[in-house]
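Notes follow once the structure below has been shown.
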Amino acid sequence: MAQSMSFFTVIVLLAFAPICLSTKTYGGYLFPQFYDRSCPQAKEIVKSIVAKAVAKEARMAASLLRLHFHDCFVEGCDASLLLDSSGSIISEKRSNPNRNSARGFEVIDEIKKALEKECPQTVSCADILELAARDSTVLAGGPNWEVPLGRRDSRGANLSGSNQNIPAPNNTFNTILTKFKLKGLDIVDLVALSGSHTIGNARCTSFRQRLYNQSGNSLPDSTLEQ
């Protein structure tokens, strides 16, 4: 899978969401056993709540995976996508890729609430997004992998970065590849991550231009009519 991108900062989430604050650090390194002593049940708590959400709505697996990708592709996996607009913060939820589209926030809130009850101010929201994405992938029949942990949450959001950095449905292949390369990712990462679109639902407006008007005649692409 693609390399993990992270920025080490701290945030406070919405007034009505559980506080996202983690104060424990271990030299800035990410490793799977990060919470083994401080919150040993963390992974199981995330896994159980994600499993419950996906059992209730299968589409949620794709939604949680997409949340993770849209968070990481802006300024790293720092949970900045979870922030609402407040003061000087303009939420990334308002960007074109996320507005009326990003979903699954209530599942992340439920996970955070359970973790705060088990081990207050310990597990970051960035790590919750990472674990939820991995567990969602497994539940959807995809591969499993070990998740390095120990990320810190962002204090701010980057609306322009969300608009500009996240690959758009109408981007050309070369544009998408360039966006991946700017994140230190290669064509193998592009194929693996783009394959995530094989699960979940998509609005017709997101892919209609790839089915119609390929020849400039406003008709379906003849090669797709077989």
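Any Cβ shown, glycine's included, is placed from N, Cα and C.
In TrEMBL, annotation is done automatically, which means it is predicted and not curated.
These come from TrEMBL:
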ACT_SITE  His70  active site, proton acceptor
BINDING   Asp71, Val74, Gly76, Asp78, Ser80, Glu92  Ca(2+) 1 binding site
BINDING   Pro167  substrate binding site
BINDING   His197  heme b binding site
BINDING   Thr198  Ca(2+) 2 binding site
DISULFID  Cys39-Cys119  disulfide bond
DISULFID  Cys72-Cys77  disulfide bond
DOMAIN    29-226  domain 'Plant heme peroxidase family profile'
SIGNAL    1-22  signal peptide
SITE      Arg66  site 'Transition state stabilizer'
Pairwise Cα distance for the residue listed as 'heme b binding site'/Gly76 (Ca(2+) 1 binding site) [Å, integer]: 20
Candidate recorded positions Cys39, Pro167, Thr198, pick with smallest Cα gap to Gly76 (Ca(2+) 1 binding site): Pro167
10 Å Cα neighbourhood of Glu92 (Ca(2+) 1 binding site): matching recorded positions from Cys39, His70, Cys72, Cys119: His70
Asp71 (Ca(2+) 1 binding site) versus recorded positions Cys39, Cys77, Cys119, Thr198 - nearest by Cα: Cys77
Of Cys72, Cys119 (the disulfide-bonded residues), the residue whose Cβ has the fewest other Cβ atoms within 10 Å: Cys119
Nearest of the recorded positions (Cys39, Arg66, His70, Cys119, Thr198) to Cys77 (disulfide bond) - Cα to Cα: His70
Average pLDDT across the domain 'Plant heme peroxidase family profile' (29-226), rounded to a whole number: 90
